[in-house]
Every structure is written in structure tokens, then in C-alpha cells.
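Below is one structure, written out as C-alpha cells, with a few remarks after it.
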Amino acid sequence: MGLGVRAAPFTYVAHALAVAAAVMVLVWAIHFRGGLAIEATNKNLIFNVHPVLMLIGYIIIGSEAIMVYKVFPTLNHDTAKLIHLILHGIALVLGAVGIYFAFKNHNESGIANLYSLHSWLGIGTITLYGIQWIFGFVTFFFPGAAPNFRRNLLPWHILFGLFVYILALANAELGFLEKLTFLESSGLDKYGTEAFLVNFTALVVVLFGASVVVAAVAPARLEEPQGYAPIPEN
């Protein structure tokens with residue numbers, strides 16, 4: 001039984017929340033945390049690249065890849081599939097780069113790596129994302145599996161993809177919590193503007209992710225129930 005709602009309204013909500021989340025994480029990184037840098041004596045500026053790339057590059061662009069079939073329901077299927085593949089590939093690369101900057105910050109600051117649940121789930125999630133992308137490429141794009149095999153695997157591809165996506169969202173929430181906890185233990189005001197900004201950004205990401213998941217599972221258009229005919233006006 002379907003949800004009884006079209007995907008389109010949820011894609012609109014998701015895009016509005018994506019813009020809000022992107023603006024909020026940039027304000028946090030640039031205004032409150034001092035900016036972004038690839039190389040810097042202030043190693044915190046290097047770390048700031050991590051949340052920006054993980055949210056905008058990994059989660060938001062990955063979300064666009066998930067929603068492409070619902071945002072453009074009339075688009076040629078092969079074209080939509082190519083866009084889906086490319087956007088996921090971009091998200092995967094930017095996610096990997098974002099993780100690199102976390103390691104770079106830790107290594108140059110003398111901080112241990114891979115000691116937290118957030119870091120463990122981060123490595124696990126990006127690995128599963130890469131496996132999913134490779135599987136999708138060879139099965140549905142090139143060289144491509146037999147039609148019957150693709151048809152049988154598609155529901156599992158979608159299910160596993162949504163599982164990895166939800167895992168990425170959950171880990172982003174852990175990341176916000178972990179960073180804010182570190183900052184507050186170092187003296188940041190627990191009820192200050194920055195703390196509220198981080199918490200509200202995390203809440204927006206939750207709502208954004210929920211909108212994307214609903215958009216992914218809802219139909220692009222509602223079909224009339226079998227045997228149903230609209231009542232004529234005359």
C-alpha cells in the first residue's frame with residue numbers, strides 16, 4: 001500500500017531545508033569558527049572544511065541524487081539514471097575529501113584518529129556508499145546486468161541506498177553533537193548563539209533527511225485506484 005501522497009511537495013520542502021542547512025553550516029564555519037583553509041597555522045580552520053564538505057558535498061548532493069527521479073519525473077530514464085550516478089559520484093568524492101580534512105586536522109594537531117563512534121561510523125558509511133556506487137555502476141550502467149537480474153535487484157539497491165543515507169544522516173548528527181560537546185567543554189556558552197546555531201542546524205538536517213526519504217518512497221504521481229472513475233460533473 002502506497003503512502004497516498006505525491007513526492008513533489010516533499011522535494012520542495014527538502015530543497016528549502018537544504019538551502020537553510022547549507023547557509024547555517026557556512027555561517028557556523030566562517031563567522032563563528034573563523035573560516036576555511038586548506039593550509040593554516042590555525043588548524044581549526046582546516047577542520048572547518050570537514051563539516052562543510054560533509055553536509056553540502058556529501059549529504060545534500062547525495063540527497064539530490066536520490067530525489068532526481070522525483071524532481072524530474074518526466075525526464076528520460078537513461079538521462080535521469082546518468083544524473084543520479086554522477087551526483088552520487090560527486091557526493092562520494094566530496095565526502096572522501098571531507099574525511100581527509102578531518103584526518104589532516106588531527107594529524108597536524110597531534111590528535112588521535114578513529115577513537116570515536118562518529119569516526120567509526122563515518123569510515124563505515126563512506127565505505128558502504130562507495131560499494132553501493134560501484135554496484136550501481138556495474139549493474140545498472142556499465143556493463144550492465146541482464147534485465148531480469150536488474151529488475152530483481154532494484155528494490156534491494158533502493159533499500160540499501162536508503163539505509164546508507166540514513167546512516168550518513170545519523171552520523172552527521174553525531175558529528176554535530178561531538179563537536180559542540182568539545183566546544184562547550186572548552187568554555188563555549190551552552191546557551192549562546194553558536195550553540196543554538198549548531199543545534200538548530202542539526203535539527204534542520206533531521207527534517208531535511210526525513211523529507212528526502214519520504215520523497216524517495218512516495219510516488220511521483222498518484223494513480224487512480226483500480227476500478228475508480230471520477231464522478232462526472234453532469
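From the backbone N, Cα and C atoms, a Cβ is placed for every residue, glycine too.
TrEMBL annotations: computationally assigned, not manually curated.
Pulled from TrEMBL, these are the features on record:
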- 13-217: domain 'Cytochrome b561' (DOMAIN)
- 12-32: transmembrane segment (TRANSMEM)
- 52-72: transmembrane segment (TRANSMEM)
- 84-103: transmembrane segment (TRANSMEM)
- 123-142: transmembrane segment (TRANSMEM)
- 154-176: transmembrane segment (TRANSMEM)
- 196-218: transmembrane segment (TRANSMEM)
PLDDT averaged over the residues of the domain 'Cytochrome b561' (13-217): 97
Contact ranking winner - 12-32, 84-103, 196-218 against the transmembrane segment (52-72), Cβ under 8 Å: 84-103
Residues from the same chain, set at least six apart from the ends of the transmembrane segment (84-103), whose C-beta lies under 8 A from its own: 46-47, 49-54, 56-59, 61-62, 64-66, 68-69, 113, 119, 122-123, 126, 129-130, 133, 136-137, 141
